[in-house]
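So that you can see what the record holds, here are the features copied from Swiss-Prot:
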ACT_SITE  Lys198  active site
BINDING   Asp43, Gly44, Glu45, Arg102, Gln103  ATP binding site
BINDING   Lys106, Arg110, Gln141, Asp149, His150, Ser311, Val312, Ser313  ADP binding site
BINDING   His136  Mg(2+) 1 binding site
BINDING   Asp175  Mg(2+) 2 binding site
BINDING   Arg200, Asp224, Asp228, Thr229, Ala230, Gly231, Thr232  D-ribose 5-phosphate binding site
Amino acid sequence: MSNQYGDKNLKIFSLNSNPELAKEIADIVGVQLGKCSVTRFSDGEVQINIEESIRGCDCYIIQSTSDPVNEHIMELLIMVDALKRASAKTINIVIPYYGYARQDRKARSREPITAKLFANLLETAGATRVIALDLHAPQIQGFFDIPIDHLMGVPILGEYFEGKNLEDIVIVSPDHGGVTRARKLADRLKAPIAIIDKRRPRPNVAEVMNIVGNIEGKTAILIDDIIDTAGTITLAANALVENGAKEVYACCTHPVLSGPAVERINNSTIKELVVTNSIKLPEEKKIERFKQLSVGPLLAEAIIRVHEQQSVSYLFS
C-alpha cells in the first residue's frame with residue numbers, strides 16, 4: 001500500500017468470493033482491509049466475526065456473487081447484518097458480478113424474478129448503497145429503493161484494444177440484446193458495428209447465423225457482458241471467420257466460464273479472449289489465449305468518490 005487514506009472511518013471488507021480484488025481495491029484507496037473472519041460451522045452454516053470497531057464508519061463490502069453463488073450470497077447477507085448490528089454508519093455493497101442477474105423478468109408463466117428477490121434481500125438485511133458493474137439488464141437498477149451506482153466495463157476493455165492498435169476493426173454483437181454495449185465500444189474505438197442474427201428457419205431445424213454488417217477482411221471484436229458456457233460466443237466467432245473475417249477477438253466483463261466453456265474457447269477461432277477480474281478464476285481456466293484486466297482501479301475510484309460525496313457519473317464513460 002503506497003498511500004494512506006486520510007479518513008479512518010472508511011472501512012473496506014473482503015469476503016470469500018474475490019479476496020485478491022478486494023486487496024487490490026484497498027491498496028489503491030489507501031486503507032488496510034477490515035479485520036473480519038468468515039468461517040463455517042460443522043454443519044455448513046456461515047459464521048462471521050468483525051474483529052474491530054466499526055461504530056459510525058462507512059463500510060464497503062467487496063463480494064461477487066459468483067460460483068458458489070448461494071454460498072457467496074449468504075456470506076454477503078450475514079455480513080451486512082453483522083455490520084448493521086455493530087452500528088456502522090453506512091453499509092455499501094460493491095458487487096463486481098451480480099449473480100441471478102439473468103433472472104430479471106418472467107420469461108414464462110409461474111417463474112420467479114430472482115434478480116429482484118436478491119435486491120430485496122440486500123435492502124432488508126440493511127444495505128444502504130450498491131455499487132455494481134455491468135449488470136446483465138440495466139433495469140435491475142430499478143429493483144432497488146436505495147442508491148445504486150452502475151459502472152461499465154466497456155471503458156476498460158476499450159482502453160486495452162486501443163493499445164493494441166488493431167487495423168480495420170469491426171465491433172460485433174453476438175445477439176440483438178447486446179447492440180447497445182457493442183455501440184459503446186464501437187464509438188470508443190471509432191469502428192463500425194455488425195450484429196449476428198440467429199434465426200431458426202422452421203421447427204426442428206438448426207439455427208442459422210446471419211451477419212448484419214460488413215465483416216469481410218476485417219478484424220472482428222465480439223463483445224458480451226457475460227461468457228458462461230461460451231456456446232454463443234464461440235459459434236459467433238466461427239461464423240465470422242466462415243463469412244470472411246480476418247481474425248476474431250472476444251471480450252466480456254464477467255468470465256463465468258462454466259461447464260465446457262474453456263474447451264469450447266480452446267477449440268474455437270477466437271485469437272484472444274479479454275475479460276476482467278470481476279470473478280475470481282481458478283488457474284486451470286486461465287488459458288493461453290486469455291487476457292485478464294483489472295476492475296480494481298475503477299471500483300476503488302468509485303468508493304473514494306462515494307465516500308467523499310463527489311460525482312460518480314464521469315466513471316460511467
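Along the chain as shown, residues are numbered 1 onward.
Every residue gets a Cβ built from N, Cα and C, even glycine.
Positions of Swiss-Prot features highlighted on the structure.
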residue: Arg102; record: ATP binding site; DSSP (3 states): coil
residue: Arg110; record: ADP binding site; DSSP (3 states): coil
residue: Asp149; record: ADP binding site; DSSP (3 states): strand
residue: Asp175; record: Mg(2+) 2 binding site; DSSP (3 states): coil
residue: Lys198; record: active site; DSSP (3 states): strand
residue: Asp228; record: D-ribose 5-phosphate binding site; DSSP (3 states): coil
residue: Ser311; record: ADP binding site; DSSP (3 states): coil
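Cα proximity to Asp149 (ADP binding site) (within 10 Å) is found for none of the binding-site residues Asp175, Asp224, Thr232. In this structure the alpha carbons, written CA, of Ala230 (D-ribose 5-phosphate binding site) and Asp175 (Mg(2+) 2 binding site) are 13 Å apart. Spanning the residues Asp43, Gly44, Glu45, Arg102, Gln103 that the record associates with binding ATP, the maximal Cα-Cα distance equals 31 Å. Using a 10 angstroms CA-CA radius around Asp224 (D-ribose 5-phosphate binding site), the binding-site residues that qualify from Gln141, Asp175, Val312, Ser313 are Asp175.
Ranking the binding-site residues Asp43, Glu45, Asp149, Asp175, Asp224 by the number of CB atoms within 10 A of their own CB puts Asp224 at the top. Following the DSSP three-state reduction, the secondary structure of Asp43 (ATP binding site) is coil. In this record, ADP is bound by Lys106, Arg110, Gln141, Asp149, His150, Ser311, Val312, Ser313; the longest C-alpha to C-alpha distance in that set is 41 Å. For Gln141 (ADP binding site), other Cβ atoms within 10 Å of its Cβ number 15. Here the candidates are the recorded positions Lys106, His136, Gln141, Lys198, Ser311, and by Cα distance the one nearest Asp228 (D-ribose 5-phosphate binding site) turns out to be His136.
Nearest to Thr229 (D-ribose 5-phosphate binding site) in space, judged by Cα atoms and limited to the binding-site residues Arg102, Gln103, Lys106, Ser313, is Arg102. For Lys106 (ADP binding site), the count of additional Cβ atoms within 10 Å of its Cβ stands at 10 [all protein chains shown]. Among the binding-site residues Gly44, Arg102, Asp175, the residue whose Cα lies closest in space to that of Ser313 (ADP binding site) is Arg102.
Non-local neighbourhood of Thr232 (D-ribose 5-phosphate binding site): Pro174, Asp175, Asp224, each in the same chain, at least six residues away, with C-beta under 8 Å from its C-beta.
Counting in whole angstrom, Lys198 (active site) lies 29 from His150 (ADP binding site) by their C-alpha atoms.
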